[in-house]
Amino acid sequence: EGNPYTWWVGKANEKHYYWGGSGPGIQKCACGIERNCTDPKYYCNCDADYKQWRKDSGMLSYKEHLPVSQVVVGDLDRPGSEAKVSVGPVRCQGDRNYWNAASFVTSSSYLHFSTFQGETSADISFYFKTSASDGVFLENLGNTDFIKLELKSAAEVSFSFDVGNGPVEIVVRSPNPLNDDQWHRVNAERNVKQASLQVDQLPLEVRKAPTEGHTRLELYSQLYVGAAGGQRGFLGCIRSLRMNGVTLDLEERAKVTPGVKPGCSGHCTSYGMYCANGGKCVEKYNGYSCDCSKTAYDGPFCIKDVGAFFEEGMWLRYNFHSPGTSMKDLVSRTLLSSADPEITAPDLSLNKEELSFSFSTTKSPCVLLYVSSYTLDFMAVLVNPSGNLQIRYNLGGTKEPYNIDIDHRNMANGQPHTVNVTRNGRDIILQLDHYPPTSYSLPATSDIQFNSPKALFLGKVIEIGKIDQDIYKYNTPGFTGCLSRVQFNQIAPLKAALRPTNTSSHVHIQGELVESNCGASPLTIPPMSAATDPWHLDSVSLLLQHGSFFNSLFTASADFPYNGQAIGDGVNRNSAIIGGVIAVVIFTILCTLVFLIRYMFRHKGTYHTNEAKGAESAESADAAIMNNDPNFTETIDESKKEWLI
């Protein structure tokens, strides 16, 4: 029914159904674009369901969807159904001067270069970013001739010149402000036949040259980038300035020029959203980086889960109070976000908590996480004997702890599960996996402050003093399984244990902590409905499907009703026995035939794809779409292929 068995996940956690050599929105492989698939009825070689190996390969080059973070391969649950998947690296190529930039900090700032040699042709391109409403980008003068590019207003870019026939001006007007502190591209061209100006993807403005008159642009002054001749110069950032194919080294010239700084600040304004999961964008000289130190994640964009496998009896303790540090200092500096004045109260109590982690286990009951205190207050996340999740709060004011029981599913099923708990005063919000958040409220008599937090435990509670009886029972033999990306407010205990940081001294471990992503939850793949899930089994049907990306054989048993009629005599009993034996023999023969057929017609397929292949020549409508899409990168030499899916 058009639902693919296989897909890949790219940037922004979106699923994609196109493959190397194809393009977004085109549910095909390269052979489907080129119309040379093994079976012309399908758009991928692997869909042919042949006994021989078939291969689909190509490069994924739509930059907005890269890199590939996950690949989901289905229909491998039957004998003979095989797939080989290889994913190669992301490779970036381009002009090394792409980020050669300079920042103009005053309206009189400028850089100067040698005279622009553009007598009969001029090709000028650059990127700019500003919050100012106007300013001159560049200008070069002659006796009467000149060439100039400027931001005339917040929504207008002007390209003007004079080759001796009188001034000519081309203006591009944008429907949206251009002084939005985002990058915008300008491309201006002039030759003996015409001149043109384009800004971003706005329509190209063209002006034809006169059929008679002067054609040569004669300049003698230096080329000024920024303010020139007493005019108001550009305020902001310019990068990748190319004039007739030559990139001007703005950075080197800016190093020795007052009022201009090399490089460009503000990368985080444009790209800071790629620092995920609370990562902080940090400006760098020629780009940016993501600071993941306050998160439970790792990697360049703070998206790599940091997790570990816990053997039975193993536990981890994170002490909020380290030797030599006062409780007040530690609570204000480490445990809680100092940006929130409400949670740095001198009474050392928490009015709010944010807890998130993922886990997988097959054993219950167990203690996943426990936060103790110097009082009787505590918070715990448990898996009860039935495999259900339980959140338990004891903040005082009530006879018994407040429990939140999640009874609708078994959490000890070996699958990764995510837990997010947020408490603000009396209000608690719990989100489990992909289910909608659910709100709860502490009893009216309950205190709303978590007093004097002491330590956080993972896997098992080893604490001095009185412990809740249920937690004490769940504590033996302890948690066995995986925990990942554990974060309590600003603390990431697993990351502190596995990555040397200034908080590692707070961690104590019993047993050997082995780093693993086995508890990482596949957040990008939400549960599928029975109507669209290719693995959903109809309880009374035997279904054999061919022709999808892979092929599956789904089998299920049917319940045969007993009609309740008694067998009256010995003859009927003998007949029933004989009939039963015959039925068993027939059933055995049928089963043998089914397995033989499945073995003889086993499916094999392979898929390779590469990251950076350009569009092929347009031999079909799909290929034409790809060729006309500016987001596809240029073709790379075949010897530099990266194989991926």
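Residue numbering: from 1, along the chain as shown.
Backbone N, Cα and C atoms are what each Cβ position is placed from, and that goes for glycine too.
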- Query: What is the disulfide partner of Cys264 among Cys237, Cys275, Cys281, Cys290, as given in TrEMBL?
  - Reply: Cys237
- Cβ neighbours within the same chain of Cys264 (disulfide bond) - under 8 Å, at least six residues apart: Trp99, Ala101, Ala102, Ser103, Lys129, Cys237, Arg239
- Message: Looking only at the domain 'Laminin G' (100-264), what is the model's average confidence as pLDDT?
- Response: 91
- Message: Suppose we draw a 10 Å sphere around the Cβ of Cys237 (disulfide bond). How many other Cβ atoms does it contain, all chains included?
- Response: 22
- The correct DSSP tally for the domain 'EGF-like' (265-303) reads 8 helix, 12 strand, 19 coil
